[in-house]
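These come from TrEMBL:
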DOMAIN    A:33-95  domain 'Tim10-like'
REGION    A:1-23  region 'Disordered'
């Protein structure tokens, strides 16, 4: 797919020497950047997963492209029940240990 | 907070932090990381969109009526994405203030 080929070409554009010549400040800068991007990416992926799950259970017809107020309520409830379940399961696992 | 506004804010993140002299190589690496994350997010979105809208719209062999359905489904999915994002962020913020998690 075109997406993958684009990712591969950008990945190879940095030379090994330029990477090894990075000073401590730049390394720290990059690692801070990666950490924050990582956290954002986790949220982003959770939203992808939740939208996938909740769209399936809440949206029954797409003949109207706008979300009705019931749709919106259903999506919000779906997210909250999913997180309730997640929190309860984590607590349950902690009790088993 | 929408899908597109969120991904575009990614590249501006460094502006809130104190200015540190970054080498061009470091900036190049950061740009590359941000780009690849944007690609990963777009790929994920397209995959989930296709899965859901295929299921909702393609009941019978392809005919032109389904194109309208797919377009409407796209709009509705993006609106759902934004609604879910809003609910998720609100819940996480609430949970972090009350100490739920």
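Using N, Cα and C of the backbone, Cβ positions are placed for all residues, glycine too.
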Per-region confidence, the domain 'Tim10-like' (A:33-95) (mean pLDDT, whole number): 95
Task: Report the DSSP secondary-structure composition of the domain 'Tim10-like' (A:33-95) as helix, strand and coil residue counts.
output: 53 helix, 0 strand, 10 coil
